[in-house]
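Q: Attaching a single structure in structure tokens format; questions to follow.
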Amino acid sequence: MKPSSSNSRSKGHAKARRKTREELDQEARDRKRQKKRRGHAPGSRAAGGNTTSGSKGQNAPKDPRIGSKTPIPLGVIEKVTKQHKPKSEKPMLSPQAELELLETDERLDALLERLEAGETLSAEEQSWVDAKLDRIDELMQKLGLSYDDDEEEEEDEKQEDMMRLLRGN
């Protein structure tokens, strides 16, 4: 084993070394300098407190007092109102073409077949069917057509046939 290089005195309680006058004066000056720095930094009330100088603008909470940077007009400017452009309207079909589209509508045909079969339609489907049938009636009136034309022609033919029979022709 090697003998320890430390002194046997170091193992016990070490005596406190007295500081020289110069060291005491230097420590006093350091304490005074630290005491002067106590308190808040100048302008801390307006600056918002603890802000680190190294991370300005990064991950710092945004000050609510700083507003928008958009320019504000200082003079009186007349407000220009934008006129609404109407949405592209459906191209107007002739009444004849619209009537043909409604008569060949597969959904309308399917719903009418369900009604004839005795099924009940939901309120939405029923209102849709009613609206389409009303539109068909309007178009037929515009065009001078009616459902009764076919029936009237048949009745007229029957009456003519009866008249021929009565006359003996």
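Cβ from N, Cα, C; glycine included.
Swiss-Prot lists 10-19, 31-40 with the feature compositional bias 'Basic residues'. Under the heading compositional bias 'Basic and acidic residues', Swiss-Prot lists 20-30, 160-169. Taken from Swiss-Prot, the feature compositional bias 'Polar residues' covers 49-58. The compositional bias 'Acidic residues' annotation in Swiss-Prot covers 147-159. If you look up Swiss-Prot, you'll see 1-75, 144-169 marked as region 'Disordered'.
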Q: Could you count the residues of the compositional bias 'Basic and acidic residues' (20-30) that DSSP puts in helix, in strand and in coil?
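A: Helix, strand, coil within the compositional bias 'Basic and acidic residues' (20-30): 10 helix, 0 strand, 1 coil.
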Q: Based on DSSP, tally up the residues of the compositional bias 'Basic residues' (31-40) by helix, strand and coil.
A: 6 helix, 0 strand, 4 coil
